[in-house]
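Q: First the structure, then my questions, so here it is.
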Amino acid sequence: MMPQSGVAQPPMAPMSMDQHQYQQQAPPPTQQQQWMMPPQQPQQPQFQPQSQPAWAQQPSQQQYGAMATTNPNPSPTGNPNEVRSLWIGDLQYWMDENYLSTCFYHTGELVSAKVIRNKQTGQSEGYGFLEFRSHAAAETILQTYNGTLMPNVEQNFRMNWASLGAGERRDDSAEHTIFVGDLAADVTDYILQETFKSVYSSVRGAKVVTDRITGRSKGYGFVKFADESEQLRAMTEMNGVLCSTRPMRIGPAANKKPVGTPQKATYQNPQATQGESDPNNTTIFVGGLDPTVAEEHLRQVFSPYGELVHVKIVAGKRCGFVQFGTRASAEQALSSLNGTQLGGQSIRLSWGRSPSSKQTDQTQWGGSGGAYYGYGQGYEAYGYAPPAQDPNMYYGNYPGYANYQQPQQ
């Protein structure tokens, strides 16, 4: 008899029609066999294993609804004050409550699933919450599923406690992250992670940035390390190394500082909204520059992200501009470098003025530059939820952070 406690393992895949017919047509036991066999209780149909378990197959919309109604949610048990909810992120636009229910249906521990949606558009914000029967069940689910492959999609579960209570420990240590560009279309989180983990033991995870609507890779991602020395080694040792079919392009990325590190306030660049909405804009404003940083140093830092058209530091203003050849390159640089340290100062990035703007660009490239002393909010290149709704996880909008300093050459 199977034990009732704990989390159930994923169910076996349904048997084929031929197998089902074979079992139905099997001859009944002889009279002697009937006497020797103990009385049996009604049993659930026995499933035969196959290469892909049933929980890893994409259900249809009808199956989603049927699954949700045929498995009544169990009632919570234990202390009502204990933490029983998990946060789940990196959800694609089509991943709704029914999809999440199918992921954990077989455990018998899921009470409810909720996807957070934009109040104006109704579209998913890319994260949600899962409530389980008990704290113990939620903890087992977290330990079992976090970082493993999600059903029928090439990405891993990204989970954490929805809130921290007694007994939970959060990772307050710093994380050291690198940017990885020029990724082939078939590179997944797992492939990227294993490419680095086979060389560096401190690799904590990897994330390939995907389009929220299509789910397709944008061709770049991030790898995080626990050991800063391995991060710095990877910056040079892995540059040009093949991942799948293409050589990787490695660059610096903003790091997560330990919890408790004071974060700087953010200000809104009045030009950022206009620049972000213009698909032809490839110019990035760079604020907070150390006076010792020269244009050549700025070029070295931004060049790993794509072809540079123009680099300009406004004299005496501690700010500058970097123009890329393509919008995609500018997006990668902005999302990766915002908050990194150059010359001992954390740079602040936002979109510069669009070249198509009818306004004069004298202040942008050679004038006072006064309009650009502010800088925009964290650029949500990944489509993740804001940091306040993402409890101590990595990637996306982690603000501040940055211990990597590009070496002078």
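The backbone N, Cα and C atoms fix where each Cβ goes, and this holds for glycine too.
Quick paste from Swiss-Prot:
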{"type": "REGION", "residues": "1-83", "note": "region 'Disordered'"}
{"type": "COMPBIAS", "residues": "19-81", "note": "compositional bias 'Low complexity'"}
{"type": "DOMAIN", "residues": "84-164", "note": "domain 'RRM 1'"}
{"type": "DOMAIN", "residues": "176-255", "note": "domain 'RRM 2'"}
{"type": "REGION", "residues": "251-280", "note": "region 'Disordered'"}
{"type": "COMPBIAS", "residues": "263-280", "note": "compositional bias 'Polar residues'"}
{"type": "DOMAIN", "residues": "282-354", "note": "domain 'RRM 3'"}
Q: What counts of helix, strand and coil residues does DSSP assign across the domain 'RRM 2' (176-255)?
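A: Once the DSSP states are binned, the domain 'RRM 2' (176-255) shows 19 helix, 31 strand, 30 coil.
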Q: In this predicted model, what is the average pLDDT of the domain 'RRM 2' (176-255)?
A: 87
Q: Reported in the order helix, strand, coil, what are the DSSP residue counts of the domain 'RRM 1' (84-164)?
A: 22 helix, 28 strand, 31 coil
Q: Looking only at the domain 'RRM 3' (282-354), what are its DSSP counts of helix, strand and coil residues?
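A: Tallied per class, the domain 'RRM 3' (282-354) gives 22 helix, 26 strand, 25 coil.
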